[in-house]
Amino acid sequence: MCSISFINLISISLTCFLLSLYYLLNNMVYFIEWEVVSLNSMSIVMTFLFDWMSLLFMSFVLMIASLVIFYSKEYMESDENINRFIMLVLMFVLSMMLLIISPNLVSILLGWDGLGLVSYCLVIYFQNIKSYNAGMLTALSNRIGDVALLLAIAWMLNYGSWNYIFYLEVMQNEFSMLMIGSLVMLAAMTKSAQIPFSSWLPAAMAAPTPVSALVHSSTLVTAGVYLLIRFNIVLSTSWLGQLLLLLSGLTMFMAGLGANFEFDLKKIIALSTLSQLGLMMSILSMGFYKLAMFHLLTHALFKALLFMCAGAIIHNMNNSQDIRLMGGLSIHMPLTSACFNVSNLALCGMPFLAGFYSKDMILEIVSISNINMFSFFLYFFSTGLTVSYSFRLVYYSMTGDLNCGSLNMLNDESWVMLRGMLGLLFMSIIGGSMLNWLIFPFPYMICLPGYLKMLTLFVCIVGGLFGYLISISNLYSLNKSLLNYNLTLFLGSMWFMPYISTYSMIFYPLIYGQLVVKSFDQGWSEYFGGQHLYYKLSNYSKTLFLMHNNSLKIYLMLFVFWIMILFSFLLFL
């Protein structure tokens, strides 16, 4: 089943890619209406929107999905239910397709809910209490967005149809469109894990690694960004854009800080994803939707590769995810380490890899834009933090000696997994340059003063140096003494967001629930209900029992009365 799915998905992906090129060159958009049911004067119409954006995103999703399925063939080979896993991944891809090509809020909701449901099933795939908790947090966080989308659909009853694409331009200054825009923004923030809904993304790392590579790095989490790219007119013409810029900038900053304190390999990469989602959202909120789309596509390539490499490492480390137990992997697993380092450098914005073209252009556009000092600081400091945690990760995993025990079974001969990774490696190297030539019809010439032009490079070098210095074992005790324990706890646990999303939500409901149980269920209702009845009946029984025990005459008399009553009853019948 893996091979069939891989061949089908990769061929559809290539078709979509070629179509997107054709649409881009000819500046075409196809709007297709399919009449599903027509009954008397009522017709149910399904609409699809095909333009370069939807087709290009679709081709990337399908390509990553095909390679992830190919990779899963070896990664999940010990799983007896691998076909069920592949079916779940294919259902996820189908939901994603529906979401991408829908210009209609109702059909978007179908895809959106499909994503949420399949994501929940994949997070709880390995059945243990940690997975269940993570799945519940994921599902409930995303329900908020689903409800917001349902409210947006209800609000669109004010208009003639649910095809939002018709009304965005015309009604952009109306209160109704502002209301719909704010609800859609709330939905996108839950799906793309922006503050205050950030805690579910690192928790969702309980899923199998191929799922993390496809769902929680490149596709599901970018669905919110994609939806806002479609709604970008509402953002740029109202205060919603300013609010989103603040929240996404803080998300980017918070995730970058958190990743520098984390020791779980998959959680570091999850926080890295969160940081990049913040970057996409913040540049989108400033009105540069093409740049957001560009970074979304390049990020999908190198982040899926990063997760695949992490999966191969975890697989070889006997399912251990702690980076402190790793070390010297570049000697034992050279090819995997090469892929890992290329994707990490692409994430940092190493010149001429995929991430460089989008990140460099975003930061230069930010430098030239009219934004305040705080947002400017968040952009550049978060970029420095990205390089910092990437270098820290490389220091812990690639250099030194292996820390997990004298006997190790490390090898680099997982050929099926490696082939899947090499496909994405190729795209992570050339993808940025290719998309740069395709999406922008002419090269951007951004003229800046020398110090601003060099600021990005300076921030990256300083960030890398900082990441290396905080990781060196000899300086580790010094670093710990420099930072207060409480401050480290605060920064390392995503500003206490996981606790705020879980304990604070259930603390008072549980206390009130306990009071209700104590006062009602186990209190008055017991006194007037079951327990009281039981108490009275047992007392009557005891009295009768005493009478029967102590007096044979009374017992026989009652027996006679009972027989007489029975006979009279039978006579009347």
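Cβ coordinates come from backbone N, Cα and C, glycine included.
Features of the protein shown, as given by TrEMBL:
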type: DOMAIN; residues: 37-85; note: domain 'NADH-Ubiquinone oxidoreductase (complex I) chain 5 N-terminal'
type: DOMAIN; residues: 102-385; note: domain 'NADH:quinone oxidoreductase/Mrp antiporter transmembrane'
type: DOMAIN; residues: 389-569; note: domain 'NADH dehydrogenase subunit 5 C-terminal'
type: TRANSMEM; residues: 7-25; note: transmembrane segment
type: TRANSMEM; residues: 82-101; note: transmembrane segment
type: TRANSMEM; residues: 147-165; note: transmembrane segment
type: TRANSMEM; residues: 177-201; note: transmembrane segment
type: TRANSMEM; residues: 213-233; note: transmembrane segment
type: TRANSMEM; residues: 239-261; note: transmembrane segment
type: TRANSMEM; residues: 268-288; note: transmembrane segment
type: TRANSMEM; residues: 294-314; note: transmembrane segment
type: TRANSMEM; residues: 335-356; note: transmembrane segment
type: TRANSMEM; residues: 416-439; note: transmembrane segment
type: TRANSMEM; residues: 451-470; note: transmembrane segment
type: TRANSMEM; residues: 482-500; note: transmembrane segment
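Distant neighbours of the transmembrane segment (268-288): 192-194, 198, 201-202, 204-205, 212, 216-217, 221-222, 224-225, 228-229, 232, 235-236, 240-242, 244-245, 247-253, 255-256, 258-259, 262, 295-296, 299, 303, 306-307, 310, 323, 347, 359, 362, 365-366, 369, 371, 375, 378-379, 382, 385-386, 389-390, 393, 494; these residues of the same chain sit at least 6 beyond its ends, with a Cβ under 8 Å from one of its Cβ atoms.
Touching of the transmembrane segment (239-261) and the transmembrane segment (335-356) is ruled out by the presence of fewer than three CB pairs under 8 A, sequence neighbours closer than 6 excluded. Across the domain 'NADH-Ubiquinone oxidoreductase (complex I) chain 5 N-terminal' (37-85), the DSSP tally of helix, strand and coil residues reads 28 helix, 12 strand, 9 coil.
Taking residue pairs at least 6 apart in sequence, the transmembrane segment (177-201) and the transmembrane segment (294-314) share fewer than three C-beta contacts under 8 angstroms.
Per-residue confidence over the domain 'NADH-Ubiquinone oxidoreductase (complex I) chain 5 N-terminal' (37-85) averages out at a pLDDT of 91.
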